[in-house]
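As annotated by Swiss-Prot, topological domain 'Cytoplasmic' applies to 1-31, 135-142, 219-270. Residues annotated as transmembrane segment in Swiss-Prot, with experimental evidence given as evidence: 32-53, 111-134, 143-161, 192-218, 271-295. Sequence annotations record features per position, and here Swiss-Prot assigns topological domain 'Lumenal, thylakoid' to 54-110, 162-191, 296-360 based on experimental evidence. Sequence annotations record features per position, and here Swiss-Prot assigns chlorophyll a ChlzD1 binding site to His118 based on experimental evidence. Residues or ranges marked as pheophytin a binding site in Swiss-Prot (evidence: experimental evidence): Tyr126, Tyr147. The annotation site 'Tyrosine radical intermediate' is assigned in Swiss-Prot to Tyr161. Summarising the annotation, Swiss-Prot assigns [CaMn4O5] cluster binding site to Asp170, Glu189, His332, Glu333, His337, Asp342, Ala344. What Swiss-Prot lists as site 'Stabilizes free radical intermediate' is His190, and the listing cites sequence analysis. Residues or ranges marked as chlorophyll a PD1 binding site in Swiss-Prot: His198. Summarising the annotation, Swiss-Prot assigns Fe cation binding site to His215, His272 and lists experimental evidence as the type of evidence. Taken from Swiss-Prot, the feature quinone binding site covers His215, Ser264, Phe265.
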Amino acid sequence: MTTTLQQRESASLWEQFCQWVTSTNNRIYVGWFGTLMIPTLLTATTCFIIAFIAAPPVDIDGIREPVAGSLLYGNNIISGAVVPSSNAIGLHFYPIWEAASLDEWLYNGGPYQLVVFHFLIGIFCYMGRQWELSYRLGMRPWICVAYSAPVSAATAVFLIYPIGQGSFSDGMPLGISGTFNFMIVFQAEHNILMHPFHMLGVAGVFGGSLFSAMHGSLVTSSLVRETTEVESQNYGYKFGQEEETYNIVAAHGYFGRLIFQYASFNNSRSLHFFLGAWPVIGIWFTAMGVSTMAFNLNGFNFNQSILDSQGRVIGTWADVLNRANIGFEVMHERNAHNFPLDLASGEQAPVALTAPAVNG
């Protein structure tokens, strides 16, 4: 008997790299999108940590009044933030090499642009990597579609909104109290709470939380016992098994009796599509709302108070909301503007600024 041995052709270094990048046997899948995601997210994370701890004050309003955001300049975890780049920079791309010195770059808030741009590229690539891994494994592509909701929301507040407002100084600060400040100012300038797209987003997030809790509790309460009473139910299941872990008929029957029959799903695919689509569509709408308000297509406003036949104001909840928004706007950039833009321009409009008399 004759045995023929043929030497295996050695793959080039590039081919080995390609096989490693696209291999689904790695503990963590890299993928071609990952080759860009990993360095950009590492860069954004590193710069964010350094800036959050030690960045000097930033002239955010462009009026030579720097705002300190780092821990070493007196902030704590709650009040600290990476302060957005200066209004003097506007929408200009401001990498380190565009500044005359590192001190100038820090003073004008260069780290904010560095973090935001690398972060956005990183999460875009993470979404692409989700699609790539699904493709390699023969899965359907809906995971990356669902992830597009938070990606679109981040893009709206970090990129679209500053573009619409004309300056990256209007972007969301990278910190806890900075995020709240951004929300309050957004309400003051755009009346976002009265925008229907934001209302859909609230319904999506809160509704998604409710449906998630309902689904999780129903499934956990209707597990099929495959073990004896003295063993843990966990021993009755294995990852990837073909059999159902829980009894959807029992869950459907329980929920149908708790509310009414047609409030419950009896089809697992329809149920899980609903659980995925509800919050995703809601967050998509919120991102679209922020993106349109970026160009000042704002929420509903009721700036004209209701008047009686004598010209007296009939107070409504809209008047309370208007007064709150004006108060927010007065506090915002108080050294850059003498008055809120609503009060400083245009014809005078009757607004209820007097409290009704309380008899009692």
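Any Cβ shown, glycine's included, is placed from N, Cα and C.
Same-chain residues that are not part of His215, Ser264, Phe265 yet have a Cβ within 8 Å of the Cβ center of the quinone site turn out to be Met214, Leu218, Ala251, His252, Phe255, Asn266, Leu271, Phe274.
Neighbour count (other Cβ atoms within 10 Å of the Cβ, all protein chains): 17 for His215 (Fe cation binding site). For His190 (site 'Stabilizes free radical intermediate'), the same-chain residues that are 6 or more apart in sequence and have a Cβ closer than 8 Å to its Cβ are Met293, Asn296, Asn298, Gly299.
Counting only residues at least six positions away in the same chain, the Cβ atoms of Ala251, His252, Phe255, Gly256 sit under 8 Å from the Cβ of Ser264 (quinone binding site).
Highest Cβ pair count under 8 Å relative to the transmembrane segment (143-161), across stretches 32-53, 111-134, 271-295: 271-295. Here the Cα atom of His332 ([CaMn4O5] cluster binding site) is found 48 Å from that of Phe265 (quinone binding site). Around His118 (chlorophyll a ChlzD1 binding site), the C-beta neighbours below 8 angstroms that are at least 6 residues distant in the chain are Thr40, Leu41, Thr43, Ala44, Cys47. Neighbour counts of Cβ atoms within 10 Å were compared across the binding-site residues Glu189, Glu333; the minimum falls on Glu333.
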